[in-house]
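**Q** Copying in the features that TrEMBL gives for the protein in this structure:
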type: COMPBIAS; residues: 478-490; note: compositional bias 'Basic and acidic residues'
type: DOMAIN; residues: 245-415; note: domain 'O-antigen ligase-related'
type: REGION; residues: 477-499; note: region 'Disordered'
type: TRANSMEM; residues: 12-31; note: transmembrane segment
type: TRANSMEM; residues: 37-54; note: transmembrane segment
type: TRANSMEM; residues: 61-81; note: transmembrane segment
type: TRANSMEM; residues: 87-104; note: transmembrane segment
type: TRANSMEM; residues: 111-127; note: transmembrane segment
type: TRANSMEM; residues: 139-159; note: transmembrane segment
type: TRANSMEM; residues: 171-191; note: transmembrane segment
type: TRANSMEM; residues: 211-231; note: transmembrane segment
type: TRANSMEM; residues: 261-277; note: transmembrane segment
type: TRANSMEM; residues: 284-305; note: transmembrane segment
type: TRANSMEM; residues: 399-423; note: transmembrane segment
Amino acid sequence: MIRYLQTRHRLLMAAMVLGVFLFFCFAFGVASVRDPYQGIVLVGAMFGLVVYWARPEAMVWIALFYTFGALPIGLYVGKVVGPTTIYVWHVVTLLAIFYLILLVRPRFSDYVPPGIFVLTVLLYTAVGFENGHSAEAILHEMTCLFEMVAGYMLALLIVHGDYIKGATQTLVATLWFSAVMAIVSSSLGLRLTGRFETISESTTGGSVTRLIIPTTAPAVAVLAALVAAQVLGRVRPATFWAMGVPSLIISLLAFSRGTLIAIAVAGVVAFLANPGWQALRRSATFAVSSMAIMAAMVPGALFLLQHSKAGAWLAHQFAGFSHRVLSGVTASSLAVDDSTKYRLIENADLTRAIAKAPIFGHGMGYAYRLAFGEDSGNDQFSFDSFTVLLGTTYAHNFYLWWLVKAGAVGMAIFAWFALRPVIRALRSTSKPAKIAGAVSVGLLALNIVGPNIEDTPDSVVFGMVLGAAMGLANMARTRPDETSDARPDGSDVADAPTEPLPVLVGVLEEPARSAKHSPQSP
């Protein structure tokens, strides 16, 4: 515009623009000095604008790393707004979704399933406020469910927009960074974002800390995807190294039995999605080779690191994992396990609450049990701020928990939202879609004992897996020539390399596509 003005007018316009810029710089500095939060907001807004101008899809990479990265606790920034807390990664994730919507321009039908579920959550949120439930509990539960929907939309847009490569590279970098940070935290005591629990020294021979960091849920999903991909086809060793090793480290330091559940269910579902002798052979070979490698690596590492601090730390970690995970899945161990007893008590209380309102539920924030703990006199578990409020509304069995909140009506809507992409993915001809469906079923099974949907940011992971399954299934229906599992000559590609899909599932290197577009020799 300035180019078409006369010289004097152009000079005046440039001076006005410079004056406005200097004024905003001055206001920016004043706001930053008076209130650090205002300064952070202004810096973030400017950064988001620059990213949008330069490369909008880069916001996806930032969102994935900041949401799932194992960062020091001081970098996990949030702002308390009334009874809830808004974290920076919430804003970054929403910006990534908004940018992708502008780039991808999804169809209206893509908004329908998550939109209906969001309306359902809002309805039961209103019911919770109407019934006088705790505002903090209501908003906490609503936020977790909205995070799941945000993850669903983010993954769906990544797949539809073909931004898979960048998401994969970001995921690999996040896994390795978090694995290193978890090792440093476990060995040196660096405080990271997440939950830390100390395992009894009498069972491990030393102090062992259980680390549950934001990367734990993505690591479990990646391991389940690797197993499902191996059942459906070959996975390159480089892929196991790039994604499997850091995921295994993070999962081992979490000492979670839920990892075994998700992996086992995903493997079984992947086999049922494509049954046959080849799948059975690949599964058996993978299981035997994995056990052989672990049997050789663990004693070898302990032998090489003996009489050292690193060796002692490693021995304590393996002892803790063996005690809590490997030995903890036996019937005798589960019978005396405190966490199992806790879940049984929860399930009994949930069942009684469901019977009071089985159709429409009690609304969000409903306390299905009284405050509990030693000081409350109700049971043998510890008494703290969690057991006073959120512990009375939280439950490890997500399905019973959702029945309490939303009843049979809400459960039917959730089943439609969650099972629709799973069924489409497992019925498609695309191996990546089947892998996504298998991982989704694994996480759905895990929600019986470990509620990913009720925890943050685990809920984002669950939503992303569902969104990836829906996106890949849609691609298989709209572009069947690019997702077919058959070569142009009709031969089988069951043993073709199958790579883990970004966005926490698995991507398949399409031999049919490469054969189709390769130059034909005369």
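Placement of Cβ uses the backbone N, Cα and C atoms for every residue, glycine included.
Heads up, TrEMBL stuff is auto-annotated, nobody curated it.
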**Q** Averaging the per-residue pLDDT over the domain 'O-antigen ligase-related' (245-415), what integer do you get?
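**A** The average pLDDT of the model in the domain 'O-antigen ligase-related' (245-415) works out to 80.
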**Q** Pairs 6 or more apart in sequence, C-beta under 8 angstroms, 3 or more of them: is that satisfied by the transmembrane segment (37-54) and the transmembrane segment (87-104)?
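**A** These two stretches do touch.
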**Q** Could you tell me whether the transmembrane segment (399-423) and the transmembrane segment (111-127) have 3+ CB pairs under 8 A, leaving out pairs under 6 positions apart?
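**A** Stretch pair touches.
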**Q** Residues of the same chain, at least six outside the transmembrane segment (211-231), with any C-beta under 8 angstroms of its C-beta?
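**A** Non-local partners: 67-70, 171, 174-175, 178-179, 181-182, 185-186, 192-197, 239-240, 243-244, 246-248, 250-251, 253-254, 256, 258-259, 262-263, 265-267, 269-271, 274, 279, 282-283, 286, 431, 434-436, 438-439, 442-443, 446, 452, 455, 457-458, 461-462, 465, 498-501, 504-506.
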